[in-house]
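Below: one structure, written as structure tokens.
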Amino acid sequence: MEQTLSIIKPDAVKKGVVGKIIDRFESNGLRIAAAKKLQLSVEDAKKFYEVHAARPFYGELVEFMTSGPVVVMVLEGDNAVVKNRELMGATNPKEAAAGTIRADFAESIDANAVHGSDSLENAKTEIAFFFAKREIC
């Protein structure tokens, strides 16, 4: 059983669509193994997204991710990483397939509603960033 990390970003939390997004995960075979709502600090956002530190959008990404609360979850299921990415849709909501989370709830390429791990290896690292093993069940 695979696990992946999902973050419901500040734009989606502010719009009040957290429940609708969680329903997408659960109705497509992904179980929530852990979840918490939190306010990312600038330091934590920089550390979490440090892989993008050299990219031009890094500062805006950190600013956006600290602009309001997020909901961080461990999703579990068969092919969880791929399934989550399919449910999310393309990074740019204008390119996201109809019926995906980003097509339905995202505002822009920056305020794109959700983050999801892009590989099993990254999922393990990202999950460990937010959750202790005892919090995942």
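Using the three backbone atoms N, Cα and C, a Cβ is placed for every residue, glycine included.
Marked as ATP binding site by Swiss-Prot on the basis of sequence analysis: Lys9, Phe57, Arg85, Thr91, Arg102, Asn112. Under the three-state DSSP scheme, Lys9 (ATP binding site) falls in the coil class. Just so you know, the Cβ of Lys9 (ATP binding site) picks up 25 other Cβ atoms within 10 Å once every protein chain is counted.
The Cβ of His115 (active site, pros-phosphohistidine intermediate) has Leu5, Ser6, Ile7, Lys9 as same-chain neighbours under 8 Å, each 6 or more residues away in sequence. DSSP assigns His115 (active site, pros-phosphohistidine intermediate) to a strand in the three-state reduction. As annotated by Swiss-Prot, active site, pros-phosphohistidine intermediate applies to His115.
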DSSP three-state assignment for Arg102 (ATP binding site): helix
